[in-house]
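Over in Swiss-Prot, the protein carries these features:
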type	residues	note
ZN_FING	7-89	zinc finger
ZN_FING	114-203	zinc finger
BINDING	126, 129, 161, 164	Zn(2+) 2 binding site
DOMAIN	220-358	domain 'PADR1 zinc-binding'
REGION	286-329	region 'Zinc ribbon'
BINDING	291, 294, 308, 318	Zn(2+) 3 binding site
DOMAIN	382-473	domain 'BRCT'
DOMAIN	527-625	domain 'WGR'
DOMAIN	647-764	domain 'PARP alpha-helical'
DOMAIN	773-996	domain 'PARP catalytic'
């Protein structure tokens with residue numbers, strides 16, 4: 001996969017661009033350098049162009065390898081840029097503090113990137129400890145140029161506490177004394193002394209030795225061969241650019257194209273400079289033969305060789321890179337009479353290459369883009385001040401305000417005179433509490449404690465008691481837990497978010513008309529609807545494409561809108577990157593339908609490569625987008641937790657369980673856990689066909705893993721999967737899918753998605769009965785009888801014992817508390833199970849699943865994975881898995897500290913004769929004399945303590961025993977059946993997972 005380089009160089013194609021430094025025009029034909037920044041308007045990078053001399057004032061490249069197209073500029077220009085990069089030192093050495101010592105030009109430039117001052121506010125955070133820098137505290141600046149903001153705006157100031165800067169100064173590049181920091185002279189005398197003490201001179205021996213090692217390394221290499229290679233590149237560059245200049249001045253574009261095609265080479269389209277490079281390379285070194293992998297005829301010189309620009313498949317670019325590609329002599333068509341063509345040599349020549357790798361920071365940035373930010377905590381550990389993140393509102397005498405504010409600030413707190421939702425506590429007097437002003441009344445309404453000024457003295461003496469003192473020293477008889485009112489610090493991961501993801505709305509409200517949603521960005525949702533033809537053709541399209549090679553995760557929405565009242569039409573389209581604010585939209589107005597349809601179809605063809613009329617037989621075209629099959633139905637507006645005019649006839653515990661199973665927020669949280677895009681793929685909108693296609697792609701990836709597939713095939717399948725199931729990666733690059741763990745995780749996601757789709761479709765079902773409570777309606781839709789058990793009944797106590805006894809020793813993260821037990825009778829299931837009721841070896845066994853899956857499970861029963869699903873994750877093949885240890889199944893409920901409610905099933909399972917296994921064995925068909933598979937684990941419930949019910953069903957509720965002599969790779973028993981009729985769900989338990 002390509003490395004995303006931060007800079008680009010070329011000879012300007014025209015004089016339209018302006019320099020981002022001096023703001024003057026960049027004349028055509030001169031060298032210009034760009035910082036490549038994320039475009040705010042489309043899913044890709046855009047160049048911010050600079051004059052060569054202006055570029056180095058605003059940017060700090062550390063390697064010529066970071067500059068795209070560097071290898072295609074003149075040799076003398078390359079050398080000059082490399083020299084300028086060498087002058088871009090980012091380390092301020094101790095030399096400047098010596099008398100008479102002069103700094104280098106690079107150091108003088110870099111010293112401007114540092115500064116010291118008093119914090120103007122308390123908003124900025126320290127980049128070392130990640131805590132806020134309080135107002136009037138000393139802070140030190142390092143301006144960086146390699147961040148998203150720094151690249152875009154020519155530098156981003158990052159602030160540090162003095163102590164944190166001191167610990168990171170080697171990394172930040174300041175080895176000099178603190179008194180040489182710009183701004184030092186503005187500090188107070190005491191503060192100057194503190195800074196000098198914290199930042200003494202560091203001798204830069206380490207830097208010198210690094211330089212020395214570099215020189216020694218070069219000496220060890222064959223200096224003669226380096227010189228020879230450099231001379232060869234210089235000569236070749238001179239000859240190549242002689243041709244290039246003559247081609248540019250004399251040859252027409254048509255003749256360039258004809259010359260390339262005569263040599264069986266595909267001309268570059270849409271980039272005049274690259275076309276010039278391609279023709280000059282042909283005349284200098286000979287004609288390139290087609291790529292052996294994809295048969296592509298466009299190989300372009302790129303960094304360390306010739307990169308094929310062809311397509312391996314309609315989903316994947318070719319990744320072939322050749323250092324010495326095969327060539328043949330350049331053919332000159334007889335009708336081309338340019339004089340300089342006589343200088344073309346008969347025999348092809350090998351192009352000399354000097355590869356300059358990208359800088360370490362660029363490589364690391366690309367790795368983090370692929371993997372996502374690692375949450376490794378702050379770089380510097382620093383104790384927080386006692387009132388950190390505590391906002392104190394003052395209702396105090398004016399004469400005390402200044403003194404109190406200073407004390408609070410020194411303790412790390414923030415002060416306000418307004419009382420808001422963000423206020424933690426109010427500092428006031430007993431008299432003010434007695435007086436009960438409007439502000440004090442508001443404090444009471446918000447449940448804010450009122451504390452005296454003595455509180456500050458107590459905190460100054462013992463900072464650890466800051467929270468407890470609020471309650472113990474309170475002057476009022478009201479107040480909620482103050483700990484819940486402290487502002488939660490933003491996590492590192494959210495701080496490192498892109499500027500294009502921080503303001504993305506979590507969801508959007510769609511107004512549905514005739515089953516189709518008008519995009520609210522059009523501004524026409526109240527006056528127009530999506531046009532549907534007489535043939536029921538819906539002029540509403542969502543296209544998408546994910547390309548991990550180019551870090552693209554794009555969408556394109558296209559709608560033909562018709563006015564609700566007048567004979568008026570619009571074509572609306574919006575585009576961008578999924579999960580970000582990157583993108584734009586456009587609305588075109590039409591007075592007649594024919595013109596609107598023509599434009600709609602032209603745009604569809606342009607973006608997808610397919611005619612709108614043929615969309616049912618869509619064929620993916622390389623580099624073009626693919627339709628996402630989304631069915632926009634009316635969003636559910638039913639709030640099951642709200643009061644309803646008609647009372648429910650169900651027991652309260654059953655009502656609660658229905659609310660849980662049909663909780664839309666819970667469904668949305670589950671989808672967001674899987675990084676699914678909630679705007680392009682809202683709840684209940686992705687078609688079954690699309691999900692089945694995604695299953696097939698996962699199966700294909702699994703087979704590639706098993707068979708050792710090529711990287712290109714993994715890229716191809718990854719692009720297809722993420723296009724079918726839109727994911728929100730923000731500005732991060734979509735990860736390559738090439739491990740069984742990823743396949744298993746995504747299979748579980750699709751399993752959950754199917755069940756969520758099922759539950760949501762039940763929520764959408766229209767019901768003619770208006771005289772029924774919504775909870776009762778959804779209960780009826782499940783076609784399942786749920787009867788709560790009496791908590792004092794023998795049955796309840798027996799099942800509670802089953803839970804208590806079979807919690808495995810290795811599952812210590814949580815305890816299980818039984819909240820409710822329901823007797824379950826699914827409609828038609830007893831009849832289906834009847835033939836197996838006579839089978840021997842029937843047991844009551846556990847099955848756990850996500851809470852959001854249960855509406856689907858109860859409405860259609862437990863299911864076996866579809867044929868198109870990958871086999872990964874199924875130790876014993878595709879079947880329904882059960883356990884006799886409660887915690888073994890409980891782990892599949894996917895609960896957490898924050899979502900601690902889970903549902904579990906106890907089912908009567910007809911096991912009959914079991915095929916016993918002690919290690920993974922993928923079962924596609926059981927032997928004729930077996931009814932189920934038994935994965936025997938080393939630990940199991942004591943069989944002698946099992947209870948046999950009157951109907952012959954075994955309840956294995958004995959305490960665990962371990963068979964140390966058994967050689968098994970399984971810790972606990974697993975029971976698998978391959979026929980859904982062998983299951984009869986009998987109980988559902990609502991569990992509280994009490995995490996430790």
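Placed from the backbone N, Cα and C atoms, the Cβ positions cover glycine too.
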If you compare CA-to-CA distances from residue 164 (Zn(2+) 2 binding site) to each of the binding-site residues 291, 294, 318, which comes out shortest? 318
Once 126, 129, 161, 164 are set aside, which residues in the chain still have Cβ within 8 Å of the Cβ centroid of the Zn(2+) 2 site? 127, 128, 130, 131, 133, 160, 163, 165, 380, 382
Sorry to bug you, but what's the C-alpha spacing from residue 318 (Zn(2+) 3 binding site) to residue 126 (Zn(2+) 2 binding site), rounded to the closest Å? 44
What three-state secondary structure does DSSP assign to residue 129 (Zn(2+) 2 binding site)? coil
Determine how many residues of the zinc finger (7-89) DSSP places in helix, in strand and in coil. 25 helix, 24 strand, 34 coil
Taking the binding-site residues one at a time (164, 291), which has its Cβ surrounded by the most other Cβ atoms within 10 Å? 164
Listed in sequence order, residues with CB under 8 A of residue 318 (Zn(2+) 3 binding site) and six or more positions away: 291, 293, 294, 296, 308, 309, 310, 311, 312, 712
Inside 10 Å of the Cβ of residue 126 (Zn(2+) 2 binding site), count up the other Cβ atoms and send me the figure. 24
The number of other Cβ atoms within 10 Å of the Cβ of residue 308 (Zn(2+) 3 binding site), counted over all protein chains shown, is 26
If you run through the domain 'PADR1 zinc-binding' (220-358) with DSSP, how many residues end up as helix, strand and coil? 58 helix, 16 strand, 65 coil
CB contacts under 8 angstroms to residue 129 (Zn(2+) 2 binding site), restricted to the same chain and 6+ apart in sequence, sorted by sequence, are 161, 164, 378, 379, 380, 381, 382
Other C-beta atoms that fall within 10 angstroms of the C-beta of residue 161 (Zn(2+) 2 binding site): 23
Can you name every residue in this chain, apart from 291, 294, 308, 318, with its Cβ inside 8 Å of the center of the Cβ atoms of the recorded Zn(2+) 3 site? 292, 293, 295, 296, 299, 309, 310, 311, 312, 319, 320
